[in-house]
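J.: Sharing a structure with you now.
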Amino acid sequence: MVKDSEFLTLVFQSILDEIDVGLHVVDEHGNTIVYNNKMMQIEDMEKHDVLNKNLMDVFMFSKQQDSTLVQALQEGKTIKNVKQSYFNNKGQEITTINHTYPIVQDGKIRGAVEIAKDVTKLERLIRENMNKKGSTTYTFDSILGTSPAIQDVIENAKRATRTSSSVLLAGETGTGKELFAQSIHNGSDRSGGPFISQNCAALPDSLVESILFGTKKGAFTGAVDQPGLFEQAHGGTLLLDEINSLNLSLQAKLLRALQERKIRRIGSTKDTPIDVRIIATMNEDPIDAIAGERMRKDLYYRLSVVTLIIPPLRERKEDILLLASEFIQKNNHLFQMNVEHISDDVKQFFLSYDWPGNIRELEHMIEGAMNFMTDEQTITASHLPYQYRMKIKPADIPEPETPRHQPAADLKEKMESFEKYVIENVLRKHGHNISKAAQELGISRQSLQYRLKKFSHSSNE
C-alpha cells in the first residue's frame, strides 16, 4: 500500500511538471506547497526559493489584494481569467492571466490553487512597440555602396516610395533589409506617420494575434483596450520582419486583414478600418519558402507587389572596403580612437572572404578588431577576432631560398626554416613584443618562447 501511494505521488508530480500551465498551491497560511516546472519558467524562479515559503515573502505585489491566491484564501471565492502583475525576488516584472480556486475541507478554507498563463512577453512587446512608434533613423543616403548590384536595388526602392503598395524585401541575414525599409518609409508620403517594426520570429504563436490586432477590454478579466500593430501603424508603415517564420494559419489571418483593410481586436465584434503600408522581409528565396510550405502562395502574391532582392556582400566586393572604412570611422567616434588604415593582408582577406553574415558580420569584425587596439592606426591580422585571424595568410613572405648547389633539405628542415622565418618577421613587426607576436601568430606566449629557445639552441649547435 505504501508503495502504491509513493507511485501515485510520483505520477502526480510528473503530471504537474509536464503540463503547459503554471501551477502554484499554497496552504491556509499562504505557504507554498506545490510549485510546478512551468511556474518556475514563468516566474524565473527555482523551486527551493519558493517551496515552503510564504507567498508574500517571495513575491512583491503593489498591495496584498493584488495576489489572487491571497484573495482566494481570504474570500473563499473562485477567481477566473484575471490579469495579475507582480515582481519576483530579482525585481523582474511578471504578468499572468490566472484562474484561482480556494481549497475547502469541512467548510474551512485549507489553501488555494492558482493556474497561470504567462503574458509577460506580450505586455513587454506591446510596450516596446509603443516606444518605437515613429522611430526611424535611416534614409537612402545611409545605404553605402557604388557597386551596380546595390545601386540597382536603391533605384528601384526609390521608385517604390511614390506609392503605398506592399513591398517584399528578400535577402540573407545582415544584408540591410530594415535599412531599406526605413528608407522607403522616410522617402514616401507616409514619412510623417508612424513606422512600426516587428520581428515575427520573436513572437510565440499564442501571442501573434494579440500583438498584430490588439485586445478589447473584457476579452479576459484585467484586459484593457490595447491597440495592435496595425492600429499603431495607422497612417504609416508596418514592417513585418521574417514573415516566413509565422505559421500558415496565422499567415491566412494576416492575408485577410490585408485584403479587407480592416482588423478586429481579440474579444471585439467590431471591425476597425486600417490605412497601413506593409513592408515584409524574408531571409530566404520566396519561391523556396513557398515550396517548403513556410509561406502561403496567396500571401506572397499579396505582399510582392514590389519585390526587392538585396544582394549579399560577396556579390558586391567593390563595396567591402568602403563599408569597412565607414565602420572604422563610426567606431573611432565611439571609442575615441584614430584608426586610419587596414593592412594589405587584411584587405586581401576581406575581398576573398565569403561573408555569410554579410554587412553585419563586417561591422562586428571591425568593432572587434578595434577593441584589441590601443594607439595603433592600422588594423592588422593580429587585431582580428581569433576565428578570422587563423584564415589570413601572411602577406609578402618569400619562400626561403635553397642554393642550387646544395641538396634540398628534407621536409622537416624546410618546415622549421619557414617557421623560424615567419616568427622572426612577426617579432620584428611588433618590436620583439612577445605578447603581440604570439597573438598575431595565434599561439600562446609559452609556445612562442619555447620555439625561440629551440631556434637559439639549433643555431648554437
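Sequential numbering from 1, following the chain as shown.
The backbone N, Cα and C atoms fix where each Cβ goes, and this holds for glycine too.
The model shown is predicted, which means the values in this text are computed figures rather than measured ones.
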J.: Given the ranges 14-33, 34-53, 234-253, 434-453, which one is assigned the annotation DNA-binding region in Swiss-Prot?
T.: 434-453
J.: Same chain, outside the DNA-binding region (434-453) by at least 6, Cβ under 8 Å from its Cβ: which residues?
T.: 372, 380-382, 386, 389-390, 419, 422-423, 426-427
J.: Just the number: how many Å between the Cα atoms of His234 (ATP binding site) and Asp57 (4-aspartylphosphate)?
T.: 45
J.: Between Leu240 (ATP binding site) and Asp57 (4-aspartylphosphate), how far is it from one CA atom to the other, in Å?
T.: 42
J.: Which of the listed recorded positions (Asp57, Gly174, Thr237) has the least company, meaning the fewest other Cβ atoms within 10 Å of its Cβ?
T.: Asp57
J.: State which of the following binding-site residues has the fewest other Cβ atoms within 10 Å around its Cβ: Lys177, His234.
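T.: Lowest Cβ count within 10 Å among the binding-site residues (Lys177, His234) is His234.
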